[in-house]
Each structure stands twice: as C-alpha cells, then as structure tokens.
Amino acid sequence: MQHDPSPYDALLLVSFGGPEAPEEVVPFLENVTRGRGIPRERLVEVGEHYFHFGGKSPINDRNREFLAAIREDLAGNGLDLPVYWGNRNWGPYIGEALEQMVADGVKRAAVFFTSVYSSYSSCRQYRENLADALAGLPEGTTLELDVLRRSFNHPGFIDAMVDATLAAVADLPDAQRESAHLSFVTHSIPTAMNDASGPEGGAYDLQHRSVMEEIVERVRLETGHRFRHQLVYCSRSGAPHVPWLEPDVNDHLAQLAEHGTPAVVAIPIGFVSDHMEVVWDLDTEAAATAEKLGLTYVRAATAGIDPRFVAMVRELLLERAAVERGIPTARPAEGGLPACWDRCAPDCCRNLQQGDRPTVGGLR
Ligand SMILES: CC1=C(CCC(=O)O)c2cc3nc(cc4[nH]c(cc5[nH]c(cc1n2)c(C)c5CCC(=O)O)c(CCC(=O)O)c4C)C(CCC(=O)O)=C3C
Ligand SMILES: [Fe+2]
C-alpha cells in the first residue's frame with residue numbers, strides 16, 4: 001500500500017444534499033428537478049416524505065458523520081490532508097467548497113462521490129456539477145479535480161455489505177432463515193438512463209448485479225446456504241409513460257408473499273448510508289407493505305461509517321495518487337467486473353435530456 005498522497009493536497013467529498021428544515025423542502029425539490037421533467041404530483045408526494053420526518057433529510061447528518069470518520073482515518077494513517085464537502089442540491093454547495101479550497105491554497109484534489117455506481121444521476125451529473133462550480137471560480141484560479149473511480153466493487157464496500165447482510169440474515173427467525181429471500185434494493189432510474197450508463201451502456205444494472213452476485217456467494221461461503229435473491233428498485237419517479245427499471249420493491253414483496261416466501265432481507269446496495277430512500281422507501285413504506293402481506297422483513301445496514309468503507313476512500317485516493325505519479329499499484333475489486341476506469345470516456349453516462357455539457361474527470 002502506497003502512503004504518499006501527492007499530487008493531491010486535499011480530498012473533496014461530493015454528495016446529493018438534502019433539506020434540514022420544513023421551509024427548505026420545496027426549494028430543495030426545485031433544485032433537484034430543475035430541467036428533469038418530473039410531474040408536480042410526484043414532487044408533492046416526495047415532499048410528504050420529507051415532511052413526515054419534520055422537513056429534515058437524514059443525508060447531511062450521515063455525511064457529517066462520514067466526514068468525521070474520514071478525517072479520523074486519514075489522521076490515524078499519518079495523512080495530513082484537509083477534507084472538504086459540497087453538495088449538488090443543497091448547502092453546503094460544491095461551489096462553496098471550491099471557494100474555500102482556493103482560499104486555503106489547494107491546488108489539486110481527489111474527489112469522492114457518495115454514490116458508487118455509473119449512471120448520469122450517480123456519476124456524470126456530479127462531474128457536470130464540478131465543471132459548473134469550477135467555471136464559477138474567479139478567472140485565473142488553478143484548481144485541479146480528479147474524480148476517484150466508481151467503487152461499487154471495491155472490497156471496502158463489498159465487505160461492509162457482506163457483513164451487513166450476514167447480520168440481517170442472523171436476525172431472521174431460525175425457522176424462516178433458509179427460505180428467506182434476499183432482496184437487493186437500489187434507486188430506480190429510467191431504462192434509457194441505464195441503457196446510456198457507462199462507456200458501453202447498461203453499466204448501472206450490470207454493476208449492481210455484480211455486487212449482488214458477489215454478496216450472495218460470500219454469504220453462501222459463510223452460511224453454507226445459497227439464498228434466493230433478486231435486484232429490485234425503489235423511488236421510481238418521472239412521468240408514468242416513461243419506463244424505469246423494475247420491479248418496484250413493493251410489487252416484488254407482493255410477488256414473494258404470493259409464492260409463499262415467509263421472510264425477506266432488504267439489502268440497500270444502491271445507497272451508501274441511510275438516506276431518505278432508506279428511511280422512507282425501505283424502513284417505512286416497504287416495511288409496511290411486508291407487514292400487510294404477513295412477511296417477516298429485516299433491512300440490512302448501509303455501509304455508512306463501517307471502518308472498511310471509510311478506509312476505502314483513503315485507499316482510493318492513495319491508489320489514484322500512485323497512478324498519477326506513474327507508479328504501478330494494485331486496483332482491488334471483488335466480483336465479476338474489473339476495477340473501474342479512472343477517467344470516463346466522452347460518451348460515458350450521457351445526459352439524455354440536456355445533451356453534452358462540460359464535465360470534470362473525463363479522458364483528455
Ligand atoms: C441513481 C440515483 C441516486 C443514487 C446515486 C446518488 O446518491 O447520487 C439518487 C440518489 C438520491 N436521490 C435523492 C433525492 C431525490 N431524487 C430525485 C429524483 C431522481 N433521482 C434519480 C436517480 C438517483 N437518485 C433520478 C433519475 C431522479 C429523477 C429526476 C432526474 O432525472 O434527475 C428527487 C426528486 C423527486 C423524485 O423524483 O423522486 C429527489 C428528492 C437523494 C437525497 C435523499 C435524502 O434526502 O436523504 C439521494 C441520495
Ligand atoms: Fe434520486
């Protein structure tokens with residue numbers, strides 16, 4: 001393992017952002033959906049999820065915990081790197097983080113997105129946000145940003161999710177354990193967005209399936225039982241006539257109940273911490289659906305601040321630092337897909353609605 005962070009003199013954590021008070025909910029939703037063609041009814045419905053939790057999204061607090069854990073991990077490993085944080089849709093915004101970095105004299109930073117898969121929403125849109133924020137800096141500012149590779153198959157994420165799954169499986173009633181179903185859950189996206197994800201298309205779904213298969217196999221090695229499993233989706237949005245990835249987790253639960261499955265473990269592989277989708281779509285809505293159907297329902301933990309997931313950010317930064325210095329380095333990855341590319345191809349995860357916009361972190 002390399003321990004030299006150069007050429008980086010900082011780390012920037014980039015996330016989605018969320019409202020923290022009732023009066024922030026509507027402006028936040030307007031930020032999220034600007035130019036994205038989301039029907040008014042869906043916005044009202046999603047607004048209710050936030051109001052249900054007092055107008056406060058959990059995401060910023062989860063990111064504050066993650067930041068604190070990353071800082072501790074870096075310091076504990078003798079790395080004296082400042083860590084900044086900026087969001088796409090709510091303060092602290094990416095632009096504010098960049099201004100602070102410039103004021104502090106940062107020249108080149110590694111950037112980690114709190115979303116580990118390829119798609120427009122989960123990767124390229126953040127790369128556009130970085131380009132917009134850079135363009136907003138005063139003329140003549142030099143700040144270079146390198147986006148760390150998609151980390152869905154990094155051992156730090158996989159190992160945390162394997163243990164979360166094992167813990168959830170252990171929580172099942174003994175009599176139901178082996179007939180339980182593992183339901184891997186992620187954020188739905190339009191099928192067209194999935195078709196355009198990654199350099200060759202379909203990467204969003206493919207990456208999730210490789211994570212699922214790896215976890216199922218690791219759980220088999222640990223328990224001796226290969227569980228039935230499926231990839232399902234939550235948080236479908238958009239107009240009704242636009243196809244999104246399916247099945248929805250609630251429809252899936254109804255199917256399981258119909259086929260006599262007694263218990264289900266929901267494994268939120270699409271979310272790195274307990275975002276609104278986890279506390280609403282899974283812990284509130286899907287849990288209620290399961291209860292109505294008479295299904296035992298256990299939700300596995302998200303990666304959150306699992307020390308291995310936290311260490312992953314440092315490991316990715318050091319790995320990329322070595323790459324940028326031209327030093328051969330290991331690129332750990334688990335499951336059927338190789339470690340992801342460092343720089344995205346020009347047509348990776350294209351913006352289908354607004355066309356190509358400037359990005360950061362692409363091939364030059
Ligand atoms: C792939 C993906 C991720 C995972 C990757 C990542 O983490 O980035 C993600 C994360 C998140 N999505 C979030 C919230 C919302 N997403 C929305 C809308 C949309 N998401 C989409 C995709 C994704 N979203 C898409 C294709 C849309 C349609 C509009 C569009 O084409 O852009 C809307 C508008 C209402 C609605 O349409 O549901 C909201 C409020 C929050 C914050 C949660 C919190 O507060 O804790 C988080 C972490
Ligand atoms: Fe979303």
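Cβ coordinates come from backbone N, Cα and C, glycine included.
Annotated Fe-coproporphyrin III binding site per TrEMBL: Ser57, Tyr126, in sequence order. Within the same chain, the residues at least 6 positions away from Tyr126 (Fe-coproporphyrin III binding site) whose Cβ sits under 8 Å from its Cβ are Val14, Arg88, Phe113, Ser115, Val147, listed in sequence order.
The Fe(2+) binding site annotation in TrEMBL covers His187, Glu277. Around the Cβ of Glu277 (Fe(2+) binding site), the same chain contributes His187, Cys234, Ser235, Pro268, Gly270, Phe271, each under 8 angstroms and 6 or more positions distant in sequence. In the three-state DSSP classification, Glu277 (Fe(2+) binding site) falls within a helix.
Under 6 Å, Cβ to nearest atom of ligand 1: this is the test, and of the binding-site residues Ser57, Tyr126, His187 it is passed by Ser57, His187. For Ser57 (Fe-coproporphyrin III binding site), the same-chain residues 6+ apart in sequence whose C-beta sits under 8 angstroms from its C-beta are Gly18, Pro19, Glu20, Phe28, Tyr50, His275, Met276.
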